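Report on the following structure.
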Amino acid sequence: MLGLRPSLLLALAGLFFLGSAVSQECTKYKVSSCRDCIQSGPGCSWCQKLNFTGPGEPDSLRCDTRAQLLLKGCPADDIMDPRSIANPEFDQRGQRKQLSPQKVTLYLRPGQAAAFNVTFRRAKGYPIDLYYLMDLSYSMLDDLNNVKKLGGDLLQALNEITESGRIGFGSFVDKTVLPFVNTHPEKLRNPCPNKEKACQPPFAFRHVLKLTDNSNQFQTEVGKQLISGNLDAPEGGLDAIMQVAACPEEIGWRNVTRLLVFATDDGFHFAGDGKLGAILTPNDGRCHLEDNMYKRSNEFDYPSVGQLAHKLSESNIQPIFAVTKKMVKTYEKLTEIIPKSAVGELSDDSSNVVQLIKNAYYKLSSRVFLDHSTLPDTLKVTYDSFCSNGASSIGKSRGDCDGVQINNPVTFQVKVMASECIQEQSFVIRALGFTDTVTVQVRPQCECQCRDQSREQSLCGGKGVMECGICRCESGYIGKNCECQTQGRSSQELERNCRKDNSSIVCSGLGDCICGQCVCHTSDVPNKEIFGQYCECDNVNCERYNSQVCGGSDRGSCNCGKCSCKPGYEGSACQCQRSTTGCLNARLVECSGRGHCQCNRCICDEGYQPPMCEDCPSCGSHCRDNHTSCAECLKFDKGPFEKNCSVQCAGMTLQTIPLKKKPCKERDSEGCWITYTLQQKDGRNIYNIHVEDSLECVKGPNVAAIVGGTVVGVVLIGVLLLVIWKALTHLTDLREYRRFEKEKLKSQWNNDNPLFKSATTTVMNPKFAES
């Protein structure tokens with residue numbers, strides 16, 4: 001049952017792949033030929049039937065999905081729909097190959113993937129090259145002694161796996177600059193802590209033995225090796241691995257399975273660590289062996305892990321990290337980045353290295369990674385893996401199957417898709433760690449293989465050839481059937497007459513420019529008509545009412561973006577019935593004379609409010625200056641408007657009967673209070689006004705009394721301030737005089753000269769004073 005499962009999954013994946021290709025849509029843009037059509041998308045097809053498009057219809061209607069073209073009446077034989085194709089080529093010479101087919105030719109249509117199957121069958125006894133790369137720092141002394149004894153055992157273990165095995169040897173320590181090694185001359189000669197111990201000077205990498213099938217030679221060359229030493233714990237192992245991968249001729253790699261055993265008891269330096277030793281140049285990934293020594297290690301930084309992973313994959317080398325127990329987790333993290341690599345726990349003295357290599361090889365050879373060489377961005381490759389153990393994965397960036405047994409095939413479905421028309425190119429698919437490859441030749445599928453109809457004389461008016469259903473006109477002729485003669489005018493000059501307002505779009509993108517005039521397309525939308533000098537108009541792009549253009553055919557019609565309403569209707573979408581009954585006030589005046597009626601509703605002038613435009617809340621009080629002046633001239637024949645009252649106050653009618661409105665009380669031109677009442681009538685600035693008969697005039701103030709009182713007050717305040725100042729100065733002088741009198745009474749005078757000094761000096765004998 002499990003044996004059938006991969007094939008069943010493969011069939012289902014193929015059906016899904018075909019189904020997804022059929023269900024695609026066609027999104028076209030500026031399509032004028034079959035080539036343009038098939039590049040528009042994988043779902044687009046082209047109809048080459050003659051006269052498939054009618055008058056005014058663009059050639060772009062020939063481009064659509066196959067289903068739509070069939071519905072439009074295009075015969076199936078006239079539909080051009082080139083598909084992406086994969087043509088595998090199998091080796092017929094009977095050579096033993098682990099990958100098949102050996103070559104595949106793809107014809108790729110943009111956006112449509114081509115799929116093909118790659119089968120891997122693991123062969124028994126495939127040749128192996130094994131290179132043993134050993135850390136010779138002082139802590140590996142016991143390991144070196146054991147490896148010297150295991151040369152024959154290593155080659156014998158290879159012969160148990162394969163009929164053709166070879167083995168080589170190399171060693172490494174670290175860069176020979178501080179802080180990686182002690183640069184004292186004595187320490188450079190003998191870096192070991194025990195001076196009596198024979199040690200060789202430190203080095204970055206030494207290629208000791210080229211790959212060979214002679215176990216005695218291996219044992220002899222390894223037996224000559226001496227231990228060395230360095231300062232810090234991490235070693236320069238990545239430098240050594242890079243040289244092993246970058247120097248295939250010096251190492252002696254064959255085009256077979258390549259294994260690299262990396263034996264160490266510590267970590268590793270990587271890119272950036274070289275700066276500690278003033279080494280700033282990045283590692284270039286090239287071979288720099290001179291006399292089997294990496295002599296330029298102090299010029300280049302350590303490689304990065306990613307750089308090393310790429311180089312190992314490029315060189316098809318599978319590393320086996322034989323490390324001590326404390327380093328297993330560190331190198332397991334490294335194998336997550338480096339494909340087709342394994343980790344084995346090395347005993348403290350490397351006595352188990354033979355079994356470790358055998359176990360790691362079986363683990364590596366039973367897992368297959370299918371990958372490809374570097375591709376441009378326009379190509380995308382995905383893998384569907386169908387493994388013999390029942391596991392599967394879909395749409396991954398590389399194929400992956402584990403537990404692959406000898407002679408038990410596993411199948412990968414490879415899908416290749418181009419995002420655009422590409423140039424012819426090729427790439428290689430290979431199983432990592434194995435030598436077999438699949439060469440994939442990619443060719444573009446961007447042309448239509450239409451029937452040749454150019455021999456028919458009646459087509460294209462004899463002035464062109466028919467290609468895929470459309471005319472390709474001779475020089476000097478243009479048009480759908482080459483009916484227009486340019487008469488020396490360029491197509492740019494003719495098209496200039498078809499561009500509105502010097503636009504870059506010909507005929508608004510909705511027509512063809514034929515002999516300098518726009519011939520509008522027939523729209524795909526039912527009942528839609530495109531018209532106008534530049535095909536800029538139609539009969540559907542107008543405002544809608546009740547979800548219908550211009551309210552429906554019974555209300556109006558659309559004409560180039562504006563509704564033309566039928567009698568009895570109005571509005572931008574013919575949404576209104578033509579009537580004014582809803583706009584009449586109680587006096588049957590439309591909008592009170594302060595607005596206009598639209599859609600049977602008042603549109604009021606600024607400052608007035610619906611429904612009848614009677615109120616003006618933003619106008620403020622009616623008691624304004626011009627109304628007060630009108631009341632003054634109409635009632636009392638005076639004021640600013642006295643001479644032209646009939647003109648300035650034409651909208652006001654003086655009433656003798658009081659009005660029931662809020663009165664206004666304002667000052668007139670003479671300062672008297674005048675009281676009047678206003679009643680607004682229909683229209684703007686039309687009022688009835690009633691003015692009270694009497695004026696309230698208030699007597700003015702006594703100016704002389706105010707001025708005289710002010711002057712007297714100022715004088716009195718000045719006199720008072722002078723009196724206060726005089727009193728203060730008198731009190732100050734009196735206080736000073738009394739203080740002077742008091743000081744004079746205290747002073748006492750004598751007749752001694754204070755500068756006189758006596759000439760007599762008396763000295764007392766202290767002994768005499770005691771007696």
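Any Cβ shown, glycine's included, is placed from N, Cα and C.
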Cys563 - recorded disulfide partner, Swiss-Prot, among Cys550, Cys560: Cys550
Per Swiss-Prot, the disulfide partner of Cys37, chosen from Cys26, Cys47, Cys63: Cys63
Listed in Swiss-Prot for the Ca(2+) 1 site shared with Ser139, Asp142, Asp143, Asp265, one of Asp36, Asp59, Asp64, Asp348: Asp348
Cα within 10 Å of Asn230 (Ca(2+) 2 binding site) - qualifying recorded positions among Ser137, Asp348, Thr760: Ser137
Recorded positions (Ser137, Ser139, Thr760, Thr762), the one with most neighbouring Cβ atoms at 10 Å: Ser137
Cβ-Cβ under 8 Å with the domain 'I-EGF 4' (576-614): same-chain residues at least 6 beyond its ends: 567-570, 682-684, 686
Separation of alpha carbons, Thr760 (phosphothreonine) and Asp143 (Ca(2+) 1 binding site) (Å): 114
Residue from Asp174, Asp232, Pro234, Glu235 whose C-alpha is spatially nearest that of Thr762 (phosphothreonine), among the binding-site residues: Asp232
By Cα-Cα distance, the member of recorded positions Ser137, Asp174, Asp232, Glu235, Thr760 nearest Asp348 (Ca(2+) 1 binding site): Ser137
Candidates Ser139, Asp174, Asp232, Thr760 (recorded positions) - the one closest to Asp265 (Ca(2+) 1 binding site) by CA: Ser139
Neighbouring C-beta atoms (10 Å sphere around the C-beta of Asn230 (Ca(2+) 2 binding site)): 24
Those recorded positions of Ser137, Ser139, Asp142, Glu235, Thr760 having Cα within 10 angstroms of Asp174 (Ca(2+) 2 binding site): Ser137, Glu235
Cα distance (Å, whole number) from Pro234 (Ca(2+) 2 binding site) to Ser137 (Mg(2+) binding site): 10
